[in-house]
Amino acid sequence: MPLLLRRFPSPSVVSSFFLRRSMASSTISSDIITPSNTKIGWIGTGVMGRSMCGHLIKAGYTVTVFNRTISKAQTLIDMGANVADSPNSVAEQSDVVFTIVGYPSDVRHVLLDPKSGALSGLRQGGVLVDMTTSEPSLAEEIAKAASFKNCFSIDAPVSGGDLGAKNGKLSIFAGGDETTVKRLDPLFSLMGKVNFMGTSGKGQFAKLANQITIASTMLGLVEGLIYAHKAGLDVKKFLEAISTGAAGSKSIDLYGDRILKRDFDPGFYVNHFVKDLGICLNECQRMGLALPGLALAQQLYLSLKAHGEGDLGTQALLLALERLNNVSVQSSDS
């Protein structure tokens, strides 16, 4: 598919939408992001990114996408997205570039590679928004590199799983310049609710704390199910009973029914969760923190990888506990 290239004036002649606003705060209230004045780039069209990007296209934004496996972007292309052959090419055609990829090494490559990275193609005043769960130190590094080029960078990882992405109900943890985060709200609001957490890297710190909480919550959920099963309870009725009490949680809402149906399709991959928990543990070591629940959850999720189950969803933690106890949890409806 041919690229739809636009001709831009030299940055020395005219600055971008964001740079104009950073220099003239009086225009902030009137110069709001709209589909007519802001071009979007999107890098990473997996389980989460595909739905998130789709909301922007549906809202009328011109979007250029890049994904290493182009077939994973086909749905977006069918919706009207342009396709580029590199992150650099995406940035050349965009005012705001979003990324949501797998690992910190992927983030570094797609954003900071001197030849093919998005930052190398971004014009003065452009904005990078990394929505990958990654290392806080890398977010700080990207922000410094962007600032050196008179650009902006926001770390904005998300929580809410595939259903949150599909329904535009994600929780977004944003770190970076607060004014820039506020300017991006017309875009963030299409994907969920943005929460400003502080300076660059603080969005990543918040997401890592979120993952620590999720790990313990998921472990409690599957342990409770195994105990209820062994005690002879109807696990479906058990889940219904606890969901409205003090044990109710987002994990039950999102994954309880899937677990009962033994539906382990990924809303969020075990492989990626292991990566997240590994980053958490590294940060804990750096901070001098001992979080035994986090360490235990990491070991159990690593056991799923060892059994070739890394491409299942995080609710597959049930399988690790079933093997440990030689049981198989079944709903009466199964």
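Cβ atoms are placed via backbone N, Cα and C, with glycine included.
Quantities reported herein were computed from a predicted structural model and do not represent experimental measurements.
What Swiss-Prot says about this one:
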- LYS207: active site (ACT_SITE)
- 38-67, THR133, LYS275: NAD(+) binding site (BINDING)
- ALA24: N-acetylalanine (MOD_RES)
- 1-23: transit peptide (TRANSIT)
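Counting every protein chain shown, 18 other Cβ atoms lie within 10 Å of the Cβ of GLY46 (NAD(+) binding site).
Fewest other C-beta atoms within 10 Å: among the binding-site residues TRP42, PHE66, that description fits PHE66. Taking each Cβ in turn and tallying the other Cβ atoms within 10 Å, the top scorer among the recorded positions ARG50, LYS58, LYS207 is LYS207. Across the structure, TRP42 (NAD(+) binding site) and LYS207 (active site) place their CA atoms 21 angstrom apart. Separation of the C-alpha atoms of PHE66 (NAD(+) binding site) and the residue listed as 'active site': 25 Å, rounded to the nearest whole number.
Counting in whole angstrom, LYS207 (active site) lies 29 from THR62 (NAD(+) binding site) by their C-alpha atoms. Listed in sequence order, PRO35, LYS39, ILE40, ASN82 are the same-chain residues at least 6 apart in sequence whose CB falls under 8 Å from the CB of THR62 (NAD(+) binding site).
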